[in-house]
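Novice: So that we are looking at the same thing, I have put the structure below in structure tokens.
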Amino acid sequence: MGSLTRAQEVAVDDGYSSDAVLYVNGVRRVIPDGLAHLTLIQYLRDIGLTGTKLGCGEGGCGACTVMVSFYNQHLKKTTHCAINACLAPVYSVEGMHVITVEGIGNRQLGLHPVQETLAQAHGSQCGFCTPGFIMSMYALLRSSKTPPTEEQIEEYLSGNLCRCTGYRPIIDAFRVFAKTEDSLYTSSSFTKDLADKFVCPSSGKPCSCRATSVNGCESPVVSTTHGRQQKLISFSDVDGSSYIEKELIFPPELLLRNPMPLHLYGFGGLHWYRPLRLEHVLDLKHRYPEAKLLVGNTEVGIEMKFKNAPYQVLISVTHVPELNKLSVTENGLEIGASIRLTELQNFLKKVIGERATHETSSCKAILEQLRWFAGKQIKNAASVGGNICTASPISDLNPLWMAAGASFKIIDFKGNQRTTLAKDFFLAYRKVDLTQNEILLSVFLPWTRPFEFVKEFKQAHRREDDIALVNAGMRVFLKQEGVNWTVADISIVYGGVAPVSFIALKTERSLIGKNWDKHTLEDALLLLKDDIPLTEDAPGGMVEFRKSLTLSFFFKFFLCVSHQMNEKVQFTEGLHVNHQSAVMPYSKPSFNGTQCYEMTKEGTAVGLPMIHLSSKLQVTGEAEYTDDTPIPPNTLYAALVLSKKAHARILSIDDSLAKTSPGFAGLFLSKDVPGSNKIGAVIHDEEVFASEFVTCVGQVIGIVVADTHENAKLASRKVLIEYEERLPVLSIKDAVSCGSFHPNTERCLVSGDVEWCFQSGACDKIIEGEVHVGGQEHFYLEPHASLIWTVDGGNEVHMISSTQSPQKHQDCVAHVLGLPMSKVVCKTKRIGGGFGGKETRSAIIASAACVPAYLLKRPVKITLDRDVDMMITGQRHSFLGKYKVGFTNEGKVLALDLELYNNAGNSLDLSLSVLERAIFHSENAYDIPHIRFRGQVCYTNFPSNTAFRGFGGPQGMLIAENWIQRIAMELQRSPEDIREINFQSEGSVSCEFSKARDAVDHFNINNRWRKRGIAMIPTKFGISFTTKAMNQAGALVQVYVDGTVLVTHGGVEMGQGLHTKVAQIAASSFNIPLNSVFISETSTDKVPNASPTAASASSDMYGAAVLDACEQIKARMNPIATKLGHCSFTELARACYFERIDLSAHGFYIIPDIGFNFRDGKGTPFSYYTYGAAFAEVEIDTLTGDFQTRTADIVMDLGHSLNPAIDIGQIEGAFIQGLGWIALEELKWGDSNHKWIRPGNLYTCGPGTYKIPSANDIPTNFKVSLLKGAPNPKAIHSSKAVGEPPFFLAASVFFAIKDAIIAARAEENLSEWFPLDNPATPERIRMACVDDFTRPFASPDFRPNLSV
């Protein structure tokens, strides 16, 4: 194959087409030229398919999942797979059929079984992530020849995140599809007619996608315990006739249509090529040396979006046959560079099943590594060659290619080929052995030999869909020499320890020829300690942990090889039974979820487990969020101009470049604000636009508006700002040491006499300590968004916002524009999660956007990108707690002196209220005679922190449980004993706890490298706002003559089921069916002066306000009802209308007898308390810090639940969110502890670096019970609030982890107390499990860095 002549070159270019055709939900569409810069999600949303959601833009959350179908020329069949629409360029799906959530079912034509089952199983709360889950499951069903297994279902959901549900109802809902009997998919009437027809597993309907039927036996069912009754859920419960008769077929045109080479254009001169022949690829690479080759765009897309990489030529190589080959040869496997990772997985599974076991050790290692490589959507798109050529230092596969002796075939534009070993391919950071005229053609993976072993290793923050902290590929080839087995060849390659995948050359050379025995192991560990080049200031930090992992991985490798050798031959280095735990492969038993409750029915609806009112809208993608709202004509899009310095004076702002940017319509700064530039949640201490000083990275300096969102962002990046930097305060300790506090934020709560108690001799022991409590990102799936427009020539301003507090938006916008509040209206239909993050911070976004909308008299829409959202909108407050506690030898706590400091950031926001609640909860459920709690709010140069589920309560309780646990260690008693001794009233430890303790102790004795731990934690959470005036609620109820009821109240639906519960209250009050009650939206022109939807009190307050309005209407209706006698509600409503009875009423409610004054320490801060307790059992890998939650058993006192299904969903969701806070989610800021991050910058600003729990992280056995027979007289229908109280119960997992670490430390004769900060990440767990692999790098009391 030679180079093309100039004439051929022109001919090749002439042969390219610009006709791009695809089908979307069965409709043929021609994509116009000029859209190469667009992703598929942008295209879909532009054509009105807003069911596909943009959650992160980097393929990390799965909200944008769609299914694509294409005809696979190699396999000669249609392939269906799920992909991330936020990463796929729109031209990459040319010739494919794209199916979105709207295409599989809707309310008018009928829901698809996948949609129906998720709605019925309460698997959708806020609903923003729901379409993504639906499409992942749908793609699995469409791609499965047989019904999928439960394991496959969980694998396909691995790329989807949910912040609300805790995943249990989603997994339970989809388990029905892991079936063995097709009749469960159809109604009984259909079954007889379809005896001989195949029923499609994805539709439950007859289709021709397979000729033969699936025969099976019994169908697995999901059991849900309701009190003492067990309800069996299967598809026979659902009327199959309501579903669409057939799936959308693969369009015949696309079957018959031959692919064409494409050349299309995009914004800024971007070229998109899709050649069909290898020589055309090579020619393009020769002509455009800087061109980027694409398959899935999973890396290049990220670089272009988040790093502003200026790539001008993109070459899609998906259709080049030579790059898509998979073949088995005599010596190994040939893998084309364009092969997708999912294809590679399937191929390796097939090969492993067909070849001799000794040949496929490398295949098994790669297959196992691919299991945890990424979510399914990424693996469906990403290619082998793309992963290799990206040359990421933390690539999961590159260390394995290198260790396994793989070689790479490379070809240049002249057709010359060369081969290089994988170990020689990676030259420097993201630099490989390819010239600009060369491309990677294929990978050759050789078979392994007898007694040759290859093993993969990886440790990440989260097991599933996470990038590695450290990974490795290791290979050894052993030969027998007499009675010994010696190392003939060995490869040790690490990722995550150097700018490239690192070969431990010194160690390798030293081991050649040595016997494979314990002496060699000891030598290797000594050599590795010095072989790894990690320096103290290495990017990524965690140096001690990463170094220890290199030793742990080799130790595991040695034991694993020894174990396998022992199975093959009589091996002298057999594995001791206690050490087998080091080589146990990860396996998660089948998930089991149980929910126990009793129903206390009131009227027609209250007390029943009704599904979320919007669930069917959410599962079909029809539910509208702010970003889905149809935009008015002439709308502008906004992007914020943000500070890049933590603390500085603004010297100049240059907008000259921005003004030349395409579509630019204006830049607005502090000087342009019509009214006041000062706003704030409690006091006006924030500027809408920074005028003279910036006090954090991410502070808003200005706002740019343009004709598109992308153009607005482009123009905002062109605004040049010159700064004069000043010294920032970047931690609580810095703030305390230099006295940096928000004014008037000291708080003190005293009971008894602490000093007297300490000095009286009553305390047998007095201990002092310090607790660091980490923050947490809200990670609501829907980013902040607002659409703002003027009415009547600017006389009024209206907005639709994603907020928990429409009234705060109304107030701030009116203040900024200099308008009365009566002329500003804010509406919110629903929000895609909030958790406190949209209580006050959303108003800052709307306040900025209202300025150009008002001044230009044009609608302005602002939607934050995920990284910007995370960077600027604040998080859960980190805390520093200093305690001094006195107690008796029996464990009774007598006195507690506590100092609390929280990190407020650069404005006060709600930080003082957060501190106050932390103080109120700092004794948790314990009775302490003498207390002195003092606190202060720290001013730091970070974006203002804000409300988050629990509002300071969890931080106060976590500090309390830390000193409880320390008392237990001081007295050598169980923490559960100490808790029981100190309960405020009667409490007891479950009788099953001692059995669990015995079982855990037995396991720990017999397993050196895996340990289990258990813990039981109580919670006592106060219900009401701590600010008295906020404990009020209003509602408007309107009865129409057809007997239906419209309810409007001041609360916002954000997934917690507020509207559903309120509707149930109204339905029961009027004694009408729930479907006769409708709640449309929350609007400030319907219910004025509403408090934020927060503090868990919304159901209490708004439910009572609605009931008040209903009772008023019923009182007016009663005389008419008495006259009419027995009649329907519709008849009664019509009769009242003719009698001119007012059928509309405003209801109002205040929480009585409430209010606390810190000045004199008197008052009642809370209306009542919600109580709960949780038991947890975990298992940790002491060598890596990995952990899994084996059991979580939760009991909550919720009085008489208004809706037990919704309440259990809240408990499960709060618990899993809490699990993230205590074990997974670590915020990393540029501070003195993280010098590799720029000062004041947030490193963890997206799902790629910040890991919330995934479906794999939920407890294997997850049980939730509601306490029976405990009515609450202080709230509506004897119920109790539920949103925040369960969150802290996840601390049971934290202290179970610590219990397991204690067992690990006991192996090293360490019994002293040690600190464990949250989150208990793998780093903290591993470094606390002191052993010979950590000692070379850290002392036993080592405390990993934490941004606090």
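Glycine is no exception: its Cβ is also placed from the backbone N, Cα and C atoms.
The following feature annotations were taken from TrEMBL:
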type     : residues                : note
ACT_SITE : E1284                   : active site, proton acceptor
BINDING  : Q804, F835, R949, A1095 : Mo-molybdopterin binding site
DOMAIN   : 18-104                  : domain '2Fe-2S ferredoxin-type'
DOMAIN   : 265-450                 : domain 'FAD-binding PCMH-type'
Novice: May I have the list of same-chain residues other than Q804, F835, R949, A1095 whose Cβ is within 8 Å of the Cβ centroid of the recorded Mo-molybdopterin site, in sequence order?
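Specialist: Result: G834, G836, G837, E839, A947, F948, F951, T1093, A1094, S1096, G1283, E1284.
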Novice: Cα-Cα separation of Q804 (Mo-molybdopterin binding site) and E1284 (active site, proton acceptor), in Å?
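Specialist: Distance (Cα to Cα, whole Å): 15 Å.
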Novice: Of all the Cα pairs drawn from Q804, F835, R949, A1095, the residues the record ties to Mo-molybdopterin, which distance is largest, in Å?
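Specialist: In whole numbers, the farthest two Cα atoms are 13 Å apart.
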Novice: Whole-number Å only: compute the distance from the Cα of A1095 (Mo-molybdopterin binding site) to the Cα of the residue listed as 'active site, proton acceptor'.
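Specialist: For A1095 (Mo-molybdopterin binding site) versus the residue listed as 'active site, proton acceptor', the Cα atoms are 7 Å apart.
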Novice: Determine the Cβ neighbour count for F835 (Mo-molybdopterin binding site): the number of other Cβ atoms within 10 Å of its Cβ.
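Specialist: Excluding its own Cβ, F835 (Mo-molybdopterin binding site) sees 30 Cβ atoms within 10 Å.
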Novice: What is the number of other Cβ atoms found within 10 Å of the Cβ of A1095 (Mo-molybdopterin binding site)?
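Specialist: A 10 Å sphere around the Cβ of A1095 (Mo-molybdopterin binding site) contains 27 other Cβ atoms.
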Novice: Would you mind splitting the domain '2Fe-2S ferredoxin-type' (18-104) into helix, strand and coil residue counts from DSSP?
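Specialist: Per DSSP, the residues of the domain '2Fe-2S ferredoxin-type' (18-104) fall into 14 helix, 31 strand, 42 coil.
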Novice: Quick one: pull the CA-CA distance for R949 (Mo-molybdopterin binding site) versus the residue listed as 'active site, proton acceptor', whole Å only.
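Specialist: The Cα atom of R949 (Mo-molybdopterin binding site) is 5 Å away from the Cα atom of the residue listed as 'active site, proton acceptor'.
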